[in-house]
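Over in Swiss-Prot, the protein carries these features:
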ACT_SITE  Glu138  active site, proton donor/acceptor
BINDING   Arg110, Ser111, Ser112, Leu113, Ala114, Arg115, Asp128, Val136, Leu137, Glu138, Tyr171, Lys178, Gln182  dCTP binding site
REGION    171-195  region 'Disordered'
Amino acid sequence: MRLCDTDIERYLDDGIISLTPRPNNDKINGATIDVRLGNSFRVFREHSAPFIDLSGPKEEVSAQLESVMSDEIIIPEGEAFFLHPGTLALATTLESVKLPANIIGWLDGRSSLARLGLMVHVTAHRIDPGWEGKIVLEFYNSGKLPLALRPNMVIGALSFEVLSGEXKRPYSSRKDAKYKNQQSAVASRIDEDKE
């Protein structure tokens, strides 16, 4: 069952769900709570790699990823990150999210931003039970104009569902959890996938 605004507020008050810094209650709407853009970004840098072999040997995949991803880019407050048409960038939410083992979260982009061509998450919008950390956003500008993205702007909304029971393998307890406690725009760790 998806939580309504009253339950989201109560779960935050009771510490069942945690968002740090906690958004004001006026950011809770119907069945969602707004989240803001953090200041950590990563982009694909200019490279000569013809492709990345996603099923190749782990060492080669790791080297290919390292050759195409930028280091972390920190955008100072008041400045903007410009996302150009046809460009993918990684960023984070300002808020760090912590979920218990019986709640799953969902991230949705804002309709107003989508109407300008901004995709906030390319495919990964599920926040696993037991998650703790910032949410990495996979931005894609499918529009015709560059978009100025500023830290602290409302970038999306989270909704939450209570599971039928407590997950046996919540994200926080998995040894293979590649993005546990992430606090920055972490690049793909597909090279760490199990065989």
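A Cβ is built for glycine as well, from the same backbone N, Cα and C atoms used for every other residue.
In sequence order, Val120 constitute the residues six or more apart from Ala114 (dCTP binding site) in its chain with CB-CB distances below 8 Å.
Of all the Cβ atoms in the protein chains shown, 9 others lie within 10 Å of the Cβ of Ser112 (dCTP binding site).
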